[in-house]
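S.K.: Annotations for this protein, taken from TrEMBL, read as follows:
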| type | residues | note |
| --- | --- | --- |
| COMPBIAS | 512-525 | compositional bias 'Acidic residues' |
| DOMAIN | 41-492 | domain 'Amino acid permease/ SLC12A' |
| REGION | 509-547 | region 'Disordered' |
| TRANSMEM | 44-66 | transmembrane segment |
| TRANSMEM | 72-99 | transmembrane segment |
| TRANSMEM | 120-144 | transmembrane segment |
| TRANSMEM | 150-168 | transmembrane segment |
| TRANSMEM | 180-204 | transmembrane segment |
| TRANSMEM | 224-245 | transmembrane segment |
| TRANSMEM | 266-285 | transmembrane segment |
| TRANSMEM | 324-345 | transmembrane segment |
| TRANSMEM | 366-387 | transmembrane segment |
| TRANSMEM | 393-416 | transmembrane segment |
| TRANSMEM | 444-462 | transmembrane segment |
| TRANSMEM | 468-489 | transmembrane segment |
Amino acid sequence: MPPPSPPTMSAEYVSLVEGNLALQLEEPKRPTVQRRLEARHLQMIAIGGTIGTGLFVGSGATIALAGPLGALVAFAIVGTMVFFTTSSLGEMATLIPVSGSFTTYAGRFVDPAYSFTLGWNYWAQWAISLPSELSALGIIVSFWTPDVPSWIWSASVLSLLVGVNIIGARSFGESEYWLAAIKVVAVIVFILVGVAVDVGWLGVEEPALGFSYWSIPGAPFKNGVLGVFNVFVIAFFSFGGTELVGITAGEVKNPRKNVPKAINQTFWRILLFYVSSVFVIGLVIRNDDPSLLDSANSEDIKIAPFTRVFEKAGLRPAAHVMNAVIFTAVASAGNSAIYAASRTLMAMALEGRAPKILGKVSKNGVPLWSLAVTTAVGCLAFLGIIFGDGVLFSWLLHLTGMSGILTWISITLIHLRFRAAWVAQGHAVEDLPYRAPFFPYGQYLSLVLASVVIIGQGYAAFAVRPFLWRNVLSVYVGLPVFVGLFVWYKIRHGTRLIPLEECDFDTGQASFEDDTEQEEEEVDKDGDNTSPDTSLSEFPDALPLPK
């Protein structure tokens, strides 16, 4: 007698069970940020991060403090540090292109407590800088409309910037593209005009200057090593914002091609725009000219070094031209502040280190709740500037004053752990889509220089007479807050240093690879089958880690 056959199930029942199982296993699809930024956007965002008021207004003070050659040396050294730091970020962002950038990497390769601390620290840096930029924008426009309250212009520009960010990442990228283009043109014209003044082709008041201002008292080096040391601090803050390239990696098309390209060109941009501009100012303006120091703390655009050089060339509307250029620089900084802060807050929310609602993204890929919170905090601080005595806002600025330095130090430390984990898990360094040049010596140099900047800030506070402890506290108040946040989160959540073998290299790559395949299909349809060049032919290959 044959064994009984197993019970049969209808096709409809099987289909229903399979459908229910699929529904249980399927993760709900939520809107996410979208890769809408083109290569040209990323290139200009990288430029915009290195050209701002620090160059247009503050560069004159560096020559007054260190002399023309001393200022050049300081900017070249700090510029090199910027290159190594952005290279570290580029290596990580190219492999794992997510909007959380280094705050996300901190949680994967160091400690979740470090990610929490770094994320809130970086968000506060941008959120608190926003009202400062708004205040500056109002003052700049008041140059043309002195009878109109400056806060009206500040509010108008803020509304415009928020609107740009609400539209989406591409809108942000497009606005930054044109704002940066204006700055680039201004710097190039400035360099050409400055050289023409120096050789006597332009200007009616001065004969050919040549290097005559390099042989007067205070030149080429002023105050010796101490002068260069002082300029380190100014140069460092002038380069603030270059790490924004890493934040945009989560929304740029084909990051494994475009991010390395932007990183590699950062060094040459710094060399051209900063070093060349400081060089020209040192040729055309004496280092003992009182306007050089005054311009760094004055609202009078007429004494800014760029304006002075244009006036020496006989360009009468120079003040108006430079005021317009500085307006674009400050507007760009405000635009970047809103973008970077909202993306950082969104990333922390998605990782459980901020309220969940802040991680919600609109259909066009914009974290609206994070954008709203960032804007609200910026507005409250701005109201404090208008209606308060400015003391609270001043302390908030001091609180975040260390943020930029701590961020750059953190990027380097995270990268050292990233590379160690990559090797510990059996991967070859050659398999990385982008490798930071001169690793690890460039990273060690960056850490040393960042430490020098921290010490330099304290030196300035100790050197002020009469000595006041509140000056020292205002400089270093951000350090205990940073450490305190780290310790609090670590104790509360019991986090630990992540073992190298457990570091996560996979999360975040799946969606990226899907996007890349789609982009490659679109490229193939257009007939362009060239593969992205991720080699480092422009720089020496990564050096072996010393044993």
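Using N, Cα and C of the backbone, Cβ positions are placed for all residues, glycine too.
Worth saying up front: this structure is predicted, and the values here are computed from it rather than measured.
Tell me about the setting of these features in this model.
M.R.: Counting residues 6+ beyond its ends, the transmembrane segment (44-66) has Cβ neighbours under 8 Å at 37, 73-75, 82, 136, 173, 176-177, 179-181, 183-184, 186-187, 221-223, 227-228, 230-231, 234-235, 237-245, 248, 262-263, 265-266, 269-270, 273-274, 277-278, 281-282, 285, 287-289, 291-293, 295-296, 304-306, 308, 322, 325-326, 329-330, 332-333, 336 in the same chain.
Among residues of the same chain six or more beyond the transmembrane segment (72-99), those with a C-beta under 8 A of the stretch's C-beta atoms are 33, 50, 62, 66, 105, 228, 231-232, 234-236, 238-239, 242-243, 245-247, 249-252, 255-256, 259-260, 262-263, 266-267, 270-271, 274-275, 278-279, 282, 343, 346-347, 408, 411-412, 414-415, 418-419, 432-438, 442-443, 445-446, 449-450, 505, 507-509, 512, 534.
Within the chain, the transmembrane segment (120-144) has long-range Cβ neighbours (under 8 A, six or more residues past its boundaries) at 53, 102-103, 150-155, 157-158, 299, 301, 319-320, 323, 326-327, 330-331, 333-334, 336-338, 340-341, 344-345, 348, 353-354, 374-375, 377-379, 381-382, 384-385, 393, 396-397, 399-400, 403-404, 406-407, 478, 482, 485.
Taking Cβ pairs closer than 8 Å, the transmembrane segment (150-168) reaches residues 34, 36, 134-135, 137-139, 141-142, 175, 331, 334-335, 338-339, 342, 364-366, 368, 371, 375, 378-379, 382, 386 in its own chain, all 6 or more past its ends.
Within the same chain, residues 44-45, 47-48, 51, 55-56, 210, 273, 276-277, 280-281, 283-284, 306, 309-310, 312-315, 321-322, 325, 328-329, 332 sit at least 6 positions outside the transmembrane segment (180-204) and bring their C-beta atoms closer than 8 Å to a C-beta of that stretch.
Long-range Cβ contacts of the transmembrane segment (224-245) within its own chain (Cβ-Cβ under 8 Å, at least 6 residues beyond either end) map to 42, 45-46, 48-50, 52, 54-55, 58-59, 61-62, 65-67, 70-71, 73-75, 77-79, 81-82, 85-86, 89-90, 93, 101-102, 259, 262-263, 266, 270, 274, 333, 336, 339-340, 404-405, 407-408, 411, 449-450, 452-453, 456-457, 459-460.
Using a Cβ-Cβ cut-off under 8 Å and counting only residues 6 or more beyond its ends in the same chain, the transmembrane segment (266-285) has close neighbours at 46-47, 50-51, 55, 59-60, 62-63, 67-69, 71-72, 75-76, 79-80, 82-83, 86, 184, 187, 190-191, 194-195, 197-198, 209-211, 213-214, 219, 235, 238-239, 242, 245, 291-292, 305-306, 308-309, 312.
Same-chain residues lying 6+ beyond the ends of the transmembrane segment (324-345) with a Cβ under 8 Å from its Cβ atoms: 33, 45, 48-49, 51-53, 56-57, 99-101, 103, 119, 122-123, 126-127, 129-130, 133-134, 136-137, 140-141, 157-158, 161-162, 164-165, 172, 175-176, 179-180, 182-183, 186, 241, 244, 247, 250, 301, 304, 306, 354, 358, 366-367, 370-371, 373-375, 378.
Remote same-chain partners of the transmembrane segment (366-387), defined as residues 6 or more beyond its termini with a Cβ less than 8 Å from a stretch Cβ, comprise 33, 123, 126-128, 130-131, 134-135, 151, 154, 158, 162, 165-169, 337-338, 341-343, 345-346, 349, 357-360, 393, 396.
Nonlocal intrachain contacts for the transmembrane segment (444-462), taken as residues 6+ away from its ends with a CB within less than 8 angstroms of a stretch CB, comprise 77-78, 80-81, 84-85, 88, 229-230, 232-233, 236, 401-402, 405, 408-409, 412-413, 471-472, 474-476.
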